[in-house]
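Working notes, beginning with the structure itself.
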Amino acid sequence: MMQEEGNRKGPWTEQEDILLVNFVHLFGDRRWDFIAKVSGLNRTGKSCRLRWVNYLHPGLKRGKMTPQEERLVLELHAKWGNRWSKIARKLPGRTDNEIKNYWRTHMRKKAQEKKRPVSPTSSFSNCSSSSVTTTTTNTQDTSCHSRKSSGEVSFYDTGGSRSTREMNQENEDVYSLDDIWREIDHSAVNIIKPVKDIYSEQSHCLSYPNLASPSWESSLDSIWNMDADKSKISSYFANDQFPFCFQHSRSPWSSG
């Protein structure tokens with residue numbers, strides 16, 4: 001009883017680990033109470049065994065468990081429960097304490113996942129997808145509104161109900177018959193006008209007599225002038241000039 005109270009507790013030092021390894025090589029890993037007495041470590045047999053099995057054994061594996069080892073731990077625990085030493089025998093290089101620590105960590109993570117129904121990653125992805133969808137919809141609406149305001153027609157437009165502005169524009173484009181005839185007259189004037197301009201330019205070089213207006217008054221004046229000329233001619237021949245001509249030029253068949 002006094003001997004147990006004099007045993008040392010707490011963390012192992014490097015000198016204690018070296019001393020324990022040497023005595024285990026001498027006497028094997030079975031007689032832990034004897035090793036604890038003869039080594040002078042002032043440790044219990046149980047403490048020496050746990051130190052050897054969990055930390056100093058040369059066949060121990062270091063590092064994280066592989067996925068195959070984790071799956072085997074879950075299967076064996078479902079079969080045997082919390083019998084960690086028995087489970088450790090099926091996993092060479094893994095200690096019962098290491099297997100127990102892995103199991104507790106696994107159950108703690110599983111409980112945290114149940115308390116948190118929606119993970120931040122999934123919620124962030126959902127928010128991102130919804131924001132992208134909203135941005136795409138707003139962009140399409142803005143582009144459609146800009147095409148309507150600018151009057152452009154998109155390749156994807158399939159017709160449909162026309163706006164009031166387009167119908168009013170078509171009504172404004174309808175012409176009446178008077179407008180059509182007015183446009184024709186205006187076109188005719190524009191066509192004839194260049195010809196008139198050509199002759200006006202040539203008139204600077206050539207002078208033409210003024211033509212009489214083909215009215216009825218001018219026609220009557222010309223008729224009266226013709227009558228006056230006839231009267232002059234008749235009076236002219238009434239003189240002795242014509243007989244004088246006959247006196248000088250007698251016919252060959254006249255006698256004398």
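The backbone N, Cα and C atoms fix where each Cβ goes, glycine too.
The domain 'HTH myb-type 1' annotation in Swiss-Prot covers 4-56 and is backed by sequence analysis.
For the DNA-binding region (32-56), the mean pLDDT of the prediction comes to 92. What Swiss-Prot records for 32-56 (among others) is DNA-binding region, and it gives sequence analysis as the kind of evidence.
Positions annotated as domain 'HTH myb-type 2' by Swiss-Prot: 57-111.
The motif 'Bipartite nuclear localization signal 1' annotation in Swiss-Prot covers 61-64 and is backed by sequence analysis. Long-range contacts of the motif 'Bipartite nuclear localization signal 1' (61-64) within the same chain: residues 93-94, each at least 6 residues beyond the stretch ends and with a Cβ under 8 Å from a Cβ of the stretch.
The list of residues near the DNA-binding region (84-107) in space but at least 6 beyond its ends in sequence, with Cβ under 8 angstroms from a Cβ of it, reads 50, 53-54, 59-61, 65, 69-70, 72-74, 76-77. What Swiss-Prot records for 84-107 (among others) is DNA-binding region.
Feature annotation from Swiss-Prot assigns motif 'Bipartite nuclear localization signal 2' to 108-116; the stated evidence is sequence analysis.
Feature annotation from Swiss-Prot assigns region 'Disordered' to 108-169.
Positions annotated as compositional bias 'Low complexity' by Swiss-Prot: 119-143.
DSSP labels the residues of the motif 'Bipartite nuclear localization signal 2' (108-116) in these numbers: 8 helix, 0 strand, 1 coil.
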